[in-house]
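Per Swiss-Prot, these features apply:
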TOPO_DOM  1-24  topological domain 'Extracellular'
CARBOHYD  Asn5  N-linked glycosylation site
TRANSMEM  25-45  transmembrane segment
TOPO_DOM  46-57  topological domain 'Cytoplasmic'
TRANSMEM  58-78  transmembrane segment
TOPO_DOM  79-97  topological domain 'Extracellular'
DISULFID  Cys97-Cys179  disulfide bond
TRANSMEM  98-118  transmembrane segment
TOPO_DOM  119-143  topological domain 'Cytoplasmic'
TRANSMEM  144-164  transmembrane segment
TOPO_DOM  165-205  topological domain 'Extracellular'
TRANSMEM  206-226  transmembrane segment
TOPO_DOM  227-239  topological domain 'Cytoplasmic'
TRANSMEM  240-260  transmembrane segment
TOPO_DOM  261-271  topological domain 'Extracellular'
CARBOHYD  Asn265  N-linked glycosylation site
TRANSMEM  272-292  transmembrane segment
TOPO_DOM  293-315  topological domain 'Cytoplasmic'
Amino acid sequence: MASGNLTWVTEFILVGVSDDPELQIPLFLVFLVLYLLTVAGNLGIITLTSVDPQLQTPMYFFLRHLAIINLCNSTVVAPKMLVNFLVTKKTISYYGCAAQLGGFLVFIVAEIFTLAAMAYDRYVAIWSPLLYAVVVSPKVCRLLVSLTYLQSLITALTVSSCVFSVSYCSSNIINHFYCDDVPLLALSCSDTYIPETAVFIFSGTNLLFSMIVVLISYFNIVITILRIRSSEGRQKAFSTCASHMIAVVVFYGTLLFMYLQPRSNHSLDTDKMASVFYTLVIPVLNPLIYSLRNKNVKDALKRFLDNPCRSLKLM
């Protein structure tokens with residue numbers, strides 16, 4: 001108990017996707033299926049890109065890390081969400097909430113920059129295939145991934161520290177299905193200028209920088225493809241980046257839908273629906289996008305299923 005008879009929050013209550021009792025079991029089943037598909041699909045991509053000799057290229061190196069990020073991002077959110085569908089008391093501890101926010105920020109920022117790195121990789125592959133192995137060398141790949149995770153950790157530590165530096169002493173009901181910065185700050189009983197500024201700066205900078213890389217890469221990809229004289233060559237060049245282009249449009253489209261809404265139409269309920277998409281739906285879609293449209297991945301899956309024991313020994 002603090003001065004002024006204010007009770008400091010020690011746990012939060014997550015409202016969830018819906019507070020309708022009749023929808024809890026149906027929603028549990030839907031999201032359980034989504035999570036199991038996420039685990040199976042992304043573990044499949046991780047395994048194939050780790051064991052198959054034909055997939056030891058920069059493109060599949062980045063794809064493996066994207067699958068790891070998607071799997072981890074869903075795992076930060078989904079298990080607690082699924083449990084809350086089945087229990088009456090939908091609480092999460094203060095420190096558990098801080099850990100969930102930090103984990104979510106790490107992996108969502110990592111996904112943003114991994115997609116940007118993959119766009120650069122596709123640009124180099126189409127723009128200068130002869131220099132591809134030199135420009136996007138294993139050392140460069142490791143450096144890009146290391147910088148991605150470093151920026152993700154910096155963002156997560158800074159933003160989550162700012163969000164939990166303010167006081168929570170009134171309502172503890174979060175209108176969300178996981179601990180996110182905006183609905184948390186809406187509950188604060190102290191000045192939120194610093195954490196709101198930190199959220200704005202980091203989210204804006206990360207999103208803007210990665211989008212610039214993606215847009216410049218794809219602008220140059222389109223220019224390069226248009227300069228190819230044969231229709232067969234253009235089709236082959238386009239097919240090498242089609243899967244990534246679809247993933248980028250789906251992911252950034254969801255984020256832009258959430259961040260570019262007019263203030264008058266903005267609501268936490270709308271944010272929840274967008275969050276469902278990029279925390280639980282996109283991690284299911286990415287393995288499908290990259291496998292169904294990718295002959296190399298489909299061939300690798302066939303080789304793995306023909307002799308899984310031999311393939312696993314190559315890990």
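Cβ atoms are placed via backbone N, Cα and C, with glycine included.
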| said: Under 8 angstroms for C-beta pairs, at least 3 of them, ignoring pairs fewer than 6 apart in sequence. Is the transmembrane segment (272-292) in contact with the transmembrane segment (144-164) by that rule? | reply: no
| request: Using a Cβ-Cβ cut-off of under 8 Å, list the residues of the same chain that are 6+ residues beyond the ends of the topological domain 'Cytoplasmic' (119-143) and lie near it. | output: 58-59, 61-62, 213-214, 217-218, 220-221, 224-225, 237, 240-241, 244, 248
| remark: Rounded mean pLDDT within the topological domain 'Extracellular' (261-271) lands at 66
| remark: The recorded stretch from 25-45, 98-118, 144-164, 240-260 sharing the largest number of CB pairs under 8 A with the transmembrane segment (206-226) is 98-118
| message | Check the DSSP secondary structure of Cys97 (disulfide bond), expressed as helix, strand or coil. | response | helix
| Cβ contacts under 8 Å made by the transmembrane segment (240-260) with residues that lie 6+ beyond its boundaries | 111-112, 115, 118-119, 122, 125-126, 203, 207, 211, 214, 218, 221, 270-271, 274-275, 277-278, 282, 285-286, 289-290, 293-294
| query | Is the topological domain 'Cytoplasmic' (227-239) packed against any residues at least 6 beyond its ends, judged by a Cβ distance under 8 Å, and which are they? | reply | 126, 221, 293
| remark: Beyond a gap of at least 6 residues from its ends, the CB atoms lying under 8 Å from the topological domain 'Extracellular' (79-97) belong to 9-17, 24-25, 27-28, 31-32, 35, 168, 174, 177-179, 184
| So how many of the residues in the topological domain 'Cytoplasmic' (119-143) end up helix, strand or coil by DSSP? | 22 helix, 0 strand, 3 coil
